[in-house]
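This report refers to the structure that appears directly beneath it.
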Amino acid sequence: MQLLNFGLLLLPFVAGDLAPQPEPLLVGPSDIVPGQYLVTLKEGLTSAQIRDHKKWVSSVHRANLDSFAAGARGVETEGIMKHFHIHDLNMYSGGFDEKRVEDLSRSPYVKSVHPDQHFYLAKTVTQRQARWGLGYMSSKGKPVPLHSTLVDYSYDDKAGEGVWAYVLDTGINVNHVEFEGRAILGHNAIPNKSHTDEFGHGTCVAGIIAGKTYGVAKKANVVSAKAFDTGSSTYNYILETYDWIIRNITDSNRKNKAVINLSISGAKYQPFDDAAERAFKAGITTVVAAGNDGKDAKNNTPASSPNAITVGAVRWENTRPSFSNYGKIVDIWAPGELIKSCWKGGNNATSTQSGTSAASPHVAGLVAYLMSIKNLPSPSAVTARVLNLTIPNLVKDAKDSPNRVVYNGIQERKCKLPKYY
């Protein structure tokens, strides 16, 4: 993926093959949503100033509609559509013509005006057998057999109990047997679409976080927050969903018992990075994928968010897959190639996928796991705990990234040895 593209990060496979190189998605004018914009207001505005600004926008919009009705040339627009308030960050989306965009850009209350953009989902194909990822989580970075059925995953029996993992994605098949009734439907931002996961990506990610067989935190709850359908979405829907998650965590008093997973990536987009930063300031932990471009993740959103936990992908023998992004912004490496999890299409369906979309939920699951066994009162404490447990200097071809692989710290605790697969 290159400039302006934004997508989910599971890569396609053919049965029996290792990962092919992902084809870059070319960027063109079609990536911009015509006439749709995201407006970020300046920090420090009073409620009265924000209210007055929005009244001004609405009055200008009404005048535009009146002139349009009177026969003036131009395009009829929607005006303000949705409002977002994440901690102290105020934003809104809307439909405006070029003249209104110029007016908004000159407003003393406006920090920035960005065009809305399409996000694209990666195609996926089933590949059988992948059983190494969980064993790696408790192996202290020791290489594990790719296709062995005897890999042990050792973990504390609390296993994420009482913690909530929010999956901003394509939805989740909450009736899948892997979730044992611990998955619920939260928010669906896609108009005229059911909350059903028709693509599979969200169900796969949720299974890696909290599935009874494939999950890192086997007793955690998962919340489906649908911002993607089968193929694409826009920042409008992504921010609406992220805003809903922040509010739901806050209203439910779950800040130190909740984690957000974002297995998505696109070109750097400051409004979304700002939103992730406000979530951090609000006391909420976000885990994000580094991206699948094979490039420096500093140019990707939300990977470039400084206080999100950014996750690159590692293979079973401690090499970086060529698709995984890297760089100083990458905090940690986790299993991200040939990862088996639950899938769409049936309550027992499974699939094997690759990408930093699979790496990120390993760490989101670890966050949920650690929250259930240790008091971690802030995102800073969560990040410190996750990074303090990592094993250094194992990833080959990590470029200039911090070279730290994920580890759940089980040798510090009494452990449970489950049977898998």
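Note that Cβ sites are derived from N, Cα and C of the backbone, with glycine treated the same way.
Since we're looking at a predicted model, the values are computed, not measured.
Positions annotated as signal peptide by Swiss-Prot: 1-16.
Positions annotated as domain 'Inhibitor I9' by Swiss-Prot, on the basis of sequence analysis: 36-121. DSSP places the residues of the domain 'Inhibitor I9' (36-121) in helix, strand and coil in these numbers: 32 helix, 32 strand, 22 coil.
Here Swiss-Prot flags 131-421 as domain 'Peptidase S8', drawing on sequence analysis.
If you look up Swiss-Prot, you'll see ASP169 (among others) marked as active site, charge relay system. Of all the Cβ atoms in the protein chains shown, 30 others lie within 10 Å of the Cβ of ASP169 (active site, charge relay system).
Around ASN192 (N-linked glycosylation site), there are no C-beta neighbours below 8 angstroms that are at least 6 residues distant in the chain. Per Swiss-Prot, N-linked glycosylation site is recorded for ASN192 (among others).
If you look up Swiss-Prot, you'll see HIS201 (among others) marked as active site, charge relay system. DSSP gives HIS201 (active site, charge relay system) a helix state.
According to DSSP, ASN248 (N-linked glycosylation site) sits within a helical segment. What Swiss-Prot lists as N-linked glycosylation site is ASN248 (among others).
For ASN261 (N-linked glycosylation site), the same-chain residues that are 6 or more apart in sequence and have a Cβ closer than 8 Å to its Cβ are ALA165, TYR166, VAL167, LEU168, ASP169, VAL205, ILE209, THR286, VAL287, VAL288, SER360, PRO361, ALA364. Taken from Swiss-Prot, the feature N-linked glycosylation site covers ASN261 (among others).
The N-linked glycosylation site annotation in Swiss-Prot covers ASN348 (among others). Under a cutoff of 8 A between CB atoms, and with a sequence separation of 6+ in the same chain, the neighbours of ASN348 (N-linked glycosylation site) are HIS176, VAL177. Secondary structure from DSSP puts ASN348 (N-linked glycosylation site) in coil.
Positions annotated as active site, charge relay system by Swiss-Prot: SER357 (among others). For SER357 (active site, charge relay system), the count of additional Cβ atoms within 10 Å of its Cβ stands at 33 [all protein chains shown].
Under the DSSP three-state reduction, ASN388 (N-linked glycosylation site) is assigned to helix. Taken from Swiss-Prot, the feature N-linked glycosylation site covers ASN388 (among others), and the record attributes it to sequence analysis.
The average pLDDT computed over the domain 'Inhibitor I9' (36-121) stands at 82. Each of the glycosylation sites ASN248, ASN388 was ranked by the number of other C-beta atoms within 10 Å, and first place falls to ASN248. Between ASN388 (N-linked glycosylation site) and SER357 (active site, charge relay system), the C-alpha separation comes to 23 Å.
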